[in-house]
Amino acid sequence: MKKVHVKSYGCQMNVYDAERMADVLAAQGYEETPSVDDADLVILNTCHIREKAAEKVYSELGRIRENKAVRARQGLETRVVVAGCVAQAEGAEIMRRAPVVDVVVGPQSYHRLPELLAARNRDAAIDIEFPVEDKFRALPARRNGAEGRNVSAFLTIQEGCDKFCTFCVVPYTRGAETSRPVAALLEEAKRLVGLGVKELTLLGQNVNAWHGEGPDGKTWSLGRLLRRLADIDGVERLRYTTSHPRDMDDELIAAHRDVPQLMPYLHLPVQAGSDRILAAMNRRHTADDYRRIIDRVRAARPDIALSSDFIVGFPGETDADFAETMRLVNDVRFASAFSFKYSARPGTPAADREDQLPEDVKSARLAELQAALERDRIAFNQAMTGRVIEVLVDRKGRAAGQMAGKSPYLQGVHFEAPEAIFGAVAVVEVLEATAGSLRARYLGVKGASALGGGAFHQASAAPYSGAAQGIANAT
Ligand code: 5AD
Ligand code: SF4
C-alpha cells in the first residue's frame, strides 16, 4: 500500500483539511504514515497568517528534497504536494522556486488531488481556483482516523471571510464567506458520531457568521444549528471556533445558557483594546461593545472560560493605545489567549502604512501583555482546585496508568484511571493546577453503569451538583 504523510501548519481548519485530504487519498489506496521518511507522498498543508510562513515552507521543501534523494537511491519515488494558504498565495511561484514540488493546491480545491497528481504537465498540477463546485460535495465520507480523532472531531461549517480586517490575509487566501447547508452538516455530524465521536468542534474563519436554510425553510443561525446538533444521539459535547464579536447574536448567547452539550468556552478575538486601533483594523466594534458582549455571555453562562486573540504593535499603536489593551485584559480576565506581534502581510491594507512600529517596541508590549494573560490563565486554572468536573478522555496520560483529556473549559486534565475509559466522559476531582494542565483524582464515568458509574454516584453525588457549578448545566 502507498503511504502519505500530511504535515499541517496553522489553524484547526488546516487540521480538518488535512484529514479530508487523507480521506480523498484513502480512496486512492493511500494509508497515512506519521513519518516523512517512509512516505511515497508528502503533503505540506501550509499557513500564511503571519510572517515567514512562505520561507518556512521553502526550507521544509529543502529537507524534503534531500529525503527524496535518499529514497531515490533505494529505488523509491517520493511525490510532493504543497497545499493550504501559502499554496493559495504563492501559486506557480512555488513550482518555480522548488522544482521538487509536484502539485500545488489551494484550500478550496484539494478534492481534486487525484487528478492533480495524475496531471501530465506542471501547469495542470496547479489548482488555486475558488471553484464554484462544492468541494465538500466532492469529498468522500469521513473515515475512522487515528485513535484520538474518533473521540473529538472537527467539522467545518463555514469558510472564508468578508470582514477584511486590515491586517489579515484570510479573505484573500480562503476567499469569500460561505456557509455549508444544514442537511450536509447533519449528515457529516451523524457519520462522525457513528464512528464513535463524542465531541464536535464546529469550525469556520467566522464561524458565528454561519447561516443556512433549515428543514423548516427558515434561515438558521449558529445558535439554532447548535441546538439541532445537540439533539443527535451520542453528541456529548459541542464547541465552535473562531468567532467575530459582531456576529455574537442573541440566539448564540442563549444557546450557551440552554444547550447542555455546548461547552462553557468561548474564543472571541478582540485583537486590541483601543477604539482608535480597532477602527484602523476595520474591526467595526469598540472595546466597550466587546465588554458588553462579554457581560451578556457571562450572564448566560457565568462559569464560561473566555479566550481571545491579540495583536500588539499594529501600525500607529501608541503607548496610550496599548494601555487600553492592558485595561481590557484586566477587566475581562481571560482564561486563555493567543497574542502576536503585528506582522505586515503583503497585499493587506495595513502593510502599506508608513507608521510601522519598531520590533523592540512590539516585543516589549508583547512581553507585558503575555505576562498579564499568563497571570489570568494560572488564576483561572488554580480556581479549579477542589472542583469536580467532567473530562472527555481522549488519550493516555504521559505516565503509566494515567489517562488524560479535556475539561469543559478546554484545559488538559490527567489522572490515574483504567485504560478502558478511553472515549468516555470521566468525572474527576481537581487536585492541583500544574503549569500546563490539571492533575485530578478519578471518581468514575459519567452516567455509565458498566464502568464504575455506580461508585461515582455514591462517592460524589453532592459535590457534583454543588461545587462543580461549572458543569451544573451539563448534567
Ligand atoms: N499579524 C499578527 N497577527 C495576525 N493575526 C492575523 N493576522 C495577523 C497579522 N498580520 C492573528 C489575529 C487572528 C489570529 C488567527 O492571528 O489575532 O485572530
Ligand atoms: Fe481575518 Fe478579520 Fe476575517 Fe478574522 S474576521 S479572518 S481577523 S479578516
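Each residue, glycine too, has its Cβ placed from N, Cα and C.
TrEMBL names CYS47, CYS85 for binding [4Fe-4S] cluster 1. Of CYS11, CYS161, the residue it gives for the same site is CYS11.
CYS85 ([4Fe-4S] cluster 1 binding site) is 17 Å away from CYS165 ([4Fe-4S] cluster 2 binding site) when you measure Cα to Cα. Helix, strand and coil residue tallies for the domain 'TRAM' (382-444), in that order: 4 helix, 35 strand, 24 coil [DSSP]. With a CB cut-off of under 6 A applied against ligand 2, the binding-site residues CYS11, CYS47, CYS85, CYS161, CYS165, CYS168 are reduced to CYS161, CYS165, CYS168. In this structure, CYS47 is the one among the binding-site residues CYS47, CYS161, CYS165 with the smallest number of other Cβ atoms inside 10 Å of its Cβ.
Under the DSSP three-state reduction, CYS47 ([4Fe-4S] cluster 1 binding site) is assigned to coil, being neither helix nor strand. CYS11 ([4Fe-4S] cluster 1 binding site) sits 14 Å from CYS168 ([4Fe-4S] cluster 2 binding site), counting Cα to Cα. Note: the Cα of CYS85 ([4Fe-4S] cluster 1 binding site) and the Cα of CYS161 ([4Fe-4S] cluster 2 binding site) are spaced 14 Å from each other.
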